[in-house]
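Now, the feature entries from Swiss-Prot:
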ACT_SITE  Tyr137  active site, proton donor
ACT_SITE  Lys165  active site, schiff-base intermediate with substrate
BINDING   Ser47, Thr48, Thr167, Gly189, Asp191, Glu192, Ser208  aceneuramate binding site
Amino acid sequence: MAKALQGVMAALLTPFDHQQQLDSESLRRLVRFNIEQGIDGLYVGGSTGEAFVQSLAEREQVLEIVAEEAKGKITLIAHVGTVSTAGSQQLASAAKRYGFDAVSAVTPFYYPFSFEEHCDHYRAIIDSADGLPMVVYNIPALSGVKLTLDQINTLVTLPGVSALKQTSGDLFQMEQIRRAHPDLVLYNGYDEIFASGLLAGADGGIGSTYNIMGWRYQGIVQALREGDVAKAQRLQTECNKVIDLLIKTGVFRGLKTVLHYMDVVSVPLCRKPFAPVDEKYLPELKALAQQLLEEKA
């Protein structure tokens with residue numbers, strides 16, 4: 001199973017309609033679009049998927065739709081993390097029911113939980129996942145939970161944990177984790193340092209911008225596999241030019257707007273309180289969509 005979890009995994013966006021409801025048809029198109037561009041797998045219901053502005057029922061619905069569209073074609077990882085252990089367990093059970101390959105959970109956040117409470121939280125989710133491997137999700141910039149290296153080492157050695165999504169710019173820590181855990185599946189989480197993350201020991205990555213240019217990240221993997229560091233650097237630079245624009249527009253709404261211009265997502269809106277993209281960026285995003293479509297073809 002560990003080998004199946006390696007690779008380039010798109011952190012799937014969740015499309016909504018003008019009434020802020022789940023757009024299931026756009027979601028299905030987005031899943032197919034990711035499969036067509038050669039993604040190894042999907043990370044469903046995470047930060048990029050706006051999970052924390054959805055109800056548990058909506059998150060279950062997203063898992064079900066994605067499984068219907070992609071099960072057996074690519075690797076599927078369900079992010080089931082919530083502040084509540086019970087809510088996370090409910091989603092983990094759903095992931096098992098729908099045939100996902102693994103579950104993942106962000107560290108419980110908002111309240112100042114003790115580290116032992118974090119460990120108990122993961123143990124309970126792993127139990128509810130009924131044999132599915134766990135991907136621990138470390139994202140200190142958003143969760144506010146700043147794990148020490150020793151704490152990370154403890155979490156990734158809990159029974160049932162197979163992987164770590166390391167969304168941190170600390171490449172030294174990435175290398176330390178790899179050195180300490182040679183068999184752990186280790187994902188780079190920040191797209192802008194994907195190539196550097198691989199060189200620091202990551203097996204692959206989970207990222208939001210893979211939704212619109214996954215083939216570039218696959219190209220970086222292939223270039224490094226062949227020892228062509230210069231090519232990997234060039235591809236990373238091209239990815240980062242896109243990321244520069246998305247940071248200006250707001251990453252999730254910018255991605256949805258690009259996918260709208262690619263005829264994948266019907267409505268380029270995130271759920272409130274996220275606002276729409278500022279209209280001044282629309283020409284640049286439209287040009288980017290056209291460029292990427294031509295490149296993909």
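Cβ coordinates are placed from backbone N, Cα and C, and glycine is handled just like the others.
Location within the structure of each feature annotated in Swiss-Prot.
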residue	record	DSSP class
Ser47	aceneuramate binding site	coil
Tyr137	active site, proton donor	strand
Lys165	active site, schiff-base intermediate with substrate	strand
Gly189	aceneuramate binding site	coil
Ser208	aceneuramate binding site	coil
Near the residue listed as 'active site, proton donor', which recorded positions out of Lys165, Asp191, Glu192 have their CA within 10 Å?
Lys165
Quick check for the class: what is the C-alpha distance, in angstrom and rounded, between Thr48 (aceneuramate binding site) and the residue listed as 'active site, schiff-base intermediate with substrate'?
14
To the nearest whole angstrom, what is the C-alpha distance linking Ser208 (aceneuramate binding site) and the residue listed as 'active site, schiff-base intermediate with substrate'?
13
In Å, how long is the longest CA to CA span across Ser47, Thr48, Thr167, Gly189, Asp191, Glu192, Ser208, which the record gives as the aceneuramate binders?
16
When you average the Cβ positions of Ser47, Thr48, Thr167, Gly189, Asp191, Glu192, Ser208 for the aceneuramate site, which other residues in that chain have a Cβ within 8 Å of that mean position?
Ala11, Tyr190, Ile206, Gly207, Thr209
In the structure shown, with every protein chain counted, which of the binding-site residues Asp191, Glu192 has the densest set of Cβ atoms within 10 angstroms of its Cβ?
Asp191
